[in-house]
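S.K.: The transmembrane segment annotation in TrEMBL covers 12-29, 35-53, 60-77, 117-136, 148-168, 180-199, 220-242, 248-265, 277-296, 302-324.
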Amino acid sequence: MTGGRKVRRWPLLVGLVLLAPYVGEFLLGNQPITALPWLLALAPMYGGGALLIREVGRRLRGGWPVLVLLAAGYALLEEGPIDQMLFNPGYLGLTSFADLAPIPGLDVSAELVQGSLTLHTIWSICVPIAVVEGFAAEPTRPWLRRRGLAGTAAIFVLGCAALAFVQYDSYHFVGSAAQFAVVTAAIVLLVAAAVVVARRWPGPPSIDPRRRPAPAPRRVGIAAFLLASGYWAIDTVLAWFTGAWLQLAIWVAYAAGCAVLLIRCSHRAGWGAGHRLAVAGGLLLTYVWYGLVHATSLGTPLPFALAGTVVFGAGAIAVLLAAVRSHRRRAAGAVVAPE
C-alpha cells in the first residue's frame, strides 16, 4: 500500500466505523439525540464489526452474498452472546417470551431473532458498507493489511466485551448453556456458509443475456425505499391483528421475494456500483422516517424524537448525497466490475 493510497483510505475506514453505529442506533431511533456522545462508545463493536466483515468479505472475494452471511452472523452475535436480548425477557421489560414466538425447548424468541437479523444484517452492517464504498475508487478492494485487520479484530472484541459487561451489570442475567450453544452454532454455520459461497461462486454474478438491461439506479433506489418502507409498514400493522408466528411467516415470504428480485436484477447487464449504492440509499432513507416511529414507540418524548429525526436524517442524507456525487465523478473515467 503506497503512502498516498493509505492516506486516502483513512477517511473510508473512519467513516465506516462511525456510520455503522450512527445508522444502527441513532438513525433508527434506538438512541435519542441527547445520547449522541455515546456514538464513540458504540463504535468499537458496531463500527469494528462492520469494518471487520467488510475486510474479511473483500479478502474472500465472494461479493455481497458473503457480506450478507457474515453480517447475519454479527446480528446473532450482538443480540445473543453479547447483550443477550434473545435470551433475556427482562431486556424488554417482559417476564417471558410467550407472545413473541418462543422456540420450544430453548426459550428464545423467534420474533426477536427475525428482528435482529433484519435490523443488523441489512441496516447496521450492509447499508453502511455500501454507502462508504460509494466513496472508494476501488470499492471491492481490501483497505487494511494483516496488521490493520488484526487491530480491527482486537478493537471489535474489546467493544463486544465492554457491552457484555454493561449488560450483565444492568440485568445480572446469563442465558442457559443450551441458548449459548445453539446461537453460537448458528453463527459458526453462517460464517462457514460465507466461506463456502466465496469459494464456490467467486467473483461477480453471471450476466444472463436473455434478460432486459438493469433499470436505472434511480429507479432501483426508489424501489428499494418503497419495498423497505413496505416491510416496516407491514411489520407495524401486522402486530395489531396477527400473532407472532404468522408475522414471522409473512416476513419470511416478503424477505424472500425481495431477495429474489434483487438477485435477478443484479444478473442483468449494466448492473454495477451505482445500482448497489442506490439500493443502500433507498434502505438508508427508510430509516429517516421509521426512526421517528421507532423512537416514539420506545417512549422518547416527541420533541426529542423529532429533533433526532431531523438532525440524524439530515446527516444521513448529506452522507448519501456525498457518496453519490463521489461515485458520479468517477463513473465517466472508470468501469467498476459488477458483483
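Every residue gets a Cβ built from N, Cα and C, even glycine.
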S.K.: If you count Cβ pairs under 8 Å, which stretch among 35-53, 220-242, 248-265, 277-296 touches the transmembrane segment (117-136) the most?
M.R.: 277-296
S.K.: Cβ under 8 Å, sequence separation of at least 6 from the ends of the transmembrane segment (302-324): give me the contacting residues as numbers and ranges.
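M.R.: Result: 15, 19, 22-23, 26-27, 29, 32-34, 131-132, 134-135, 277, 281, 284-285, 287-289, 291-292, 295-296.
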S.K.: Hey, would you say the transmembrane segment (148-168) packs against the transmembrane segment (35-53), going by three or more CB pairs under 8 A that are 6+ residues apart?
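M.R.: The answer is yes, given that the two segments have at least 3 Cβ pairs within the 8 Å cut-off.
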S.K.: Would the transmembrane segment (180-199) count as touching the transmembrane segment (277-296), i.e. at least 3 C-beta pairs under 8 angstroms with sequence separation of 6+?
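M.R.: In this chain the transmembrane segment (277-296) does not contact the transmembrane segment (180-199) - fewer than 3 Cβ pairs sit under 8 Å.
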S.K.: Please indicate, using numbers and ranges, the residues of the same chain that are 6 or more beyond the transmembrane segment (35-53) and have a C-beta under 8 Å from a C-beta there.
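M.R.: Those are 13, 16-22, 24-26, 67, 70-71, 74, 78, 82, 124-125, 128-129, 144, 149, 152-153, 155-156, 158-160, 162-163, in sequence order.
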